[in-house]
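Please read the structure below before turning to the comments.
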Amino acid sequence: MMATPRSPDDDLRWISTLKSACILLVVLFHVTDPGFVNTLASLSAGRQIAGGWAAFNAHLSPLRMPAFFFVSGLLARRSINTRGWRELAGGRLANLLYLYLLWCLLQWLAVQFIIHQITGQRISPNTNAIYAASPRELVVLTLKGMSSAWYLYALFGYIILAKAGRKWPLLCLTFGLLLYLAAALKLVPGWGPQSLCRYALFFLIGAFFSEPVITLSRWRARSLPVWLLLLGAAAGMRAAGISSNLAESFIAIPLAITGCRLLNAHLPTAYLNRLGYITLPVYVMHRIFIELFAAATIQYAGRHGGFDSPAFSLFWAIGYPPLMTLLCAAAALGLWKLLNQGPGERLFALRPPAAVRA
């Protein structure tokens, strides 16, 4: 019996799988910290399990956003290399800036309504545009990138940087490394600007040097010296107590690519991969639903003595993070499905496909 020929797309499914995994990990991170973590002291059972979720998020920090930006750079490579400044500015760049500003405003309005009309409190003490006390503060925090939609702002800047430096990729990569170091050493104030600086490097690697990373993920013998070097560097940085372990990210990304290939080879991943094409609505709306569902759930459990019950506390410790993650992601996709038609399409694109066709 002849083997079924492999489609060229088979080797690229890992991109959608990795994007899906990254967006779910982002939602899980926001579900867990700070809302869920703040309930640990109240639990009458399962505290170690609950603490494990926080540790899980911490261990995934070298992968979550670095991989997200690596894939984003990989997908933006063609636009960076083939489109002129005018086409790029009027297309992808305009769309990113539009979506960032629009969703900074919509998130702020939605979260302010939830806080003042439903829950009566914010779930996080962190500085964030969604908690801005005035329109002026909203503008300031939005411009600083201290917003739950900062990923879009980062892509806007990274594409400009990559386009400007496309003829000098090594120089561009060196600049990205300097930005990373500035963020790691906290030479840049504020979590927003630090995030914008920290992840440019991974986008640039995806845009200019994705092939070596993908080659590492194929586990060929010639890659062994590189793997040994990375493992040694990661171990050395961890032994030195360096929290921003760049080598761990360089290890985590090809490992994740390998894992995504294995998932696609041995498990049905159609639904998971479909999410990889519609990460935008989950990204821009999940924080709103966390503010609503998480705060309301935590308040309800506290008021009704749920945490005094060992059985409930154990269920909470085990199930709350994954269930709340799925709930917020599903709610975002459901609302997107309702809104993404007619005029509502402009909530997710400056020029919706229908408008472009017209």
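Using the three backbone atoms N, Cα and C, a Cβ is placed for every residue, glycine included.
These figures come from a predicted structure and were not determined experimentally.
These features come from TrEMBL:
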DOMAIN    13-330  domain 'Acyltransferase 3'
TRANSMEM  12-32  transmembrane segment
TRANSMEM  52-76  transmembrane segment
TRANSMEM  97-118  transmembrane segment
TRANSMEM  138-161  transmembrane segment
TRANSMEM  168-187  transmembrane segment
TRANSMEM  199-217  transmembrane segment
TRANSMEM  224-244  transmembrane segment
TRANSMEM  250-272  transmembrane segment
TRANSMEM  284-302  transmembrane segment
TRANSMEM  314-336  transmembrane segment
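Proximity of the transmembrane segment (138-161) to the transmembrane segment (224-244) is not established, fewer than 3 Cβ-Cβ distances being under 8 Å for residue pairs spaced 6 or more apart. No contact links the transmembrane segment (250-272) to the transmembrane segment (284-302), because fewer than 3 Cβ pairs that are 6 or more residues apart lie under 8 A. Within the same chain, the transmembrane segment (52-76) packs against the transmembrane segment (12-32): three or more Cβ pairs sit under 8 Å, each pair at least 6 residues apart.
Cβ atoms under 8 Å from those of the transmembrane segment (224-244) belong to residues 180, 183-184, 198, 216, 250-251 of the same chain, restricted to positions at least 6 beyond its ends. Within the chain carrying the transmembrane segment (97-118), a Cβ under 8 angstroms from the stretch's Cβ atoms is held by residues 129-132, 138, 142, 147-149, 152-153, 156, 280, 284, 287-288, 291-292, 295-296, 347-350, all 6 or more beyond its ends. Within its own chain, the transmembrane segment (284-302) is flanked in space by residues 26-27, 30-31, 35-36, 38-39, 42, 99, 103, 106-107, 110-111, 114-115, 118-119, 121-123, 130, 148-149, 152, 312, 316, 320, 324, 327-329, 331-332, 335-336, which lie at least six positions past its ends and keep a Cβ under 8 Å from the stretch.
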